[in-house]
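Among the features that TrEMBL reports, signal peptide is placed at 1-26. The domain 'Inhibitor I9' annotation in TrEMBL covers 32-104. Annotation comment: TrEMBL describes 127-584 as domain 'Peptidase S8/S53'. Taken from TrEMBL, the feature active site, charge relay system applies to D136, H215, S548. The domain 'PA' annotation in TrEMBL covers 376-461. For 662-766, the entry in TrEMBL reads domain 'Subtilisin-like protease fibronectin type-III'.
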Amino acid sequence: MASLTTTSPLLHHIILVLILTPLAFSDQTHKTYIFRVDYDAKPSIFPTHFHWYTAELTDPTRILHVYDTVFHGFSASLTPSQAARTLQHPSILASFEDRRRQLHTTRSPQFLGLRNQRGLWSESDYGSDVIIGVFDTGIWPERRSFSDLNIGPVPKNWKGVCQVGVKFSAKNCNRKIIGARFFAKGHEANEGFGGLGGGINDTIEYKSPRDADGHGTHTASTAAGRYAFKASFEGYAAGIAKGVAPKARLAVYKVCWKSSGCFDSDILAAFDAAVNDGVNVISISIGGGDGIASPYYLDPIAIGSFGAVSRGVFVSSSAGNDGPNGMSVTNVAPWIMTVGAGTIDRNFPADVILGDGRKIGGVSLYSGLPITGKMYPLVYPGKSGVLSASLCMENSLDPSEVKGKIVICDRGNNPRVAKGLVVKKAGGIGMILANGISNGEGLVGDAHLLPACAVGSDEGDFIKGYSSAAVLPTASISFGGTIIGIKPAPVVASFSGRGPSGMNPEILKPDIIAPGVNILASWTDVVGPTGLDSDTRKTEFNILSGTSMSCPHVSGAAALLKSAHPDWSAAAIRSAMMTTANNLNNMLHPMTDEATGKASTPYDFGSGHLNLDRAMDPGLVYDVVNSDYVSFLCAIGYGPKTIQVITRSPVNCPEKKPMAENLNYPSIAASFSSASMGVASKTLMRTVTNVGETNAVYKVKVEAPKGTTVIVKPGKLVFTEKIRKLSYFVTVKVVRKNIVMGDSGALFGSLSWMDGKHVVRSPIVVTQIDPL
């Protein structure tokens, strides 16, 4: 696989300069650039780095942010020629243009194995005194989920602030929301992004931590919302709403702005602030949105996360919503916990009843007046062959064709709820939203503005077939409310970002999946549940789907584990979740893929589905220290200067190049050249730390990927009071002629260490890579 990560250090430096040197010097439009500076090169004559930057490197009026914690350097609004001149300064290690990122947009805690008064909730005191920093669109602080009733004083280690602004005062912070900041300088400087930067639009936004979008309120309450009784979304999902860590504290970092995304320069500033403030966990449901992973040294989320993790902060991030395509997972740096999405055992069924009596199952969150029992004419505008009409795009429907009818719309291009609005404006009475092949049978509920039902690809084709074959096709839609105890669950969500990692297949990504489909959580007061301008409904809670929803489940889980085990590192917390994850659904069968209905693989779910009942006591953990990550970066071909962009401090790579697969990760991936003939073999090393009973003996159980041989030495690990860490070696052998790769291009197995009480499981992935 051709990628920058396999080049030599010298070539990397050349590529870096080529990437970062502006090509069009004639264009004097100001853009935002982020400069990585050699921190130790500051002349002693300057009292601060800011004085040095503004004296030697750039005009003080052009600087947006100065970074001094997770990253050393600054961001500035410059012309390409000014940026090129700044880049020539010997103290500048690298530079990259600011980019815009996108958001990866009640019963889930029980589904994760959490129970009142026992287990992890009880052992961790519900996450009390652990601080979760949420990078998102802000917060609506008045929601019941953010009450500080019966919560103790603000933790002594907290150094953050409550930043006031439009409609947000110091009183909006409390013992629950202990800090709030907003970051807009990068957003305001980027006037070149289709007019979406260049200032805060105060008709739709608040220049403050207040949430004008809803996404940030939803993710914050998913991670750490308090108990809220009689919660529901317009009657759906009724019950007690609560976050995964109900007593954890929240620190809000508003880096994303309504309808205009989140800029790298602001995200990096938030990382800097959050680590200085004293957060323990960072939750970031943000990504590139294009399914393409950037090299780590050009990715501020990867850089900021490394700075956070190196200081003991756990970082949880979303895997992206570009599934079910392979290699669509984002946020793949090995120091980040990358979270995909699965379903839970709750659903919101709706049925399409056809004129011939047949009933087709789907889902809906429509809560208006029903149309049950009455049949209406059925029409599919897409039969004309006009793509915009099949997708029900704005102004694509002829009112004379759809008025008084139920309209079939294909999913894609414009928001699902917006299609219903188009149908409604054209006089349609209802909508059937049909998946295409890429979405398969994966369904999410939407709060439609007219009677509507989403159906899978096969069902959609069936309904279209009926509409074209029948002389006078008719249909109706009935709504089934909320059903719990759905089987099978979890199922890997069709939209969830999939492996392998486009950067380094030696590290299995995503790491894990967590609930991310139809999740009930708190909502802003200024946006209707659909987010459409015409939706004027007010709702305390909303139901959303996306890896944006699964990420804060893991953030809350990390807070619980940190509270129960304060001495555990970020890597130990990640390991505890990964090695105890479920691979079976609630029918005790292997998890399936929503897109295909077939068995899913570790490329879909990583190590499995989060199971917090077992994560509290994992037995063994795979720990990683900063120098291990540096060895990994050396192994993938980064040179010392390139690595310093990420690590902040100078490094030296060993003369003998390390193996990337030897990073002490809780999953195991072995890659072989497809050109190799005969028998090929690779030996990897792992080290486990005993965090369970002192005198423990673990024996290995191996399920080798089909057609391979896996040998583990030693086959037994004996821990004592003095021996808490032990290493073992895994040798993977493949016979070229025996290997038959599946649809995913990989073979899967597992390795488990067992002591009679604990099962410490790691997936094994064997894949072939074409030589460059």
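Cβ atoms are placed via backbone N, Cα and C, with glycine included.
Quantities reported herein were computed from a predicted structural model and do not represent experimental measurements.
Known features from TrEMBL, placed on the structure.
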| residue | record | CB count, 10 Å |
| --- | --- | --- |
| D136 | active site, charge relay system | 28 |
| H215 | active site, charge relay system | 27 |
| S548 | active site, charge relay system | 30 |
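Here the CA atom of S548 (active site, charge relay system) lies 8 Å from the CA atom of H215 (active site, charge relay system). Residues belonging to the domain 'PA' (376-461) score a mean pLDDT of 92 in the model. S548 (active site, charge relay system) and D136 (active site, charge relay system) are 10 Å apart (CA-CA, integer value).
With DSSP states grouped into helix (H, G, I), strand (E, B) and coil, the domain 'PA' (376-461) comes out at 27 helix, 20 strand, 39 coil.
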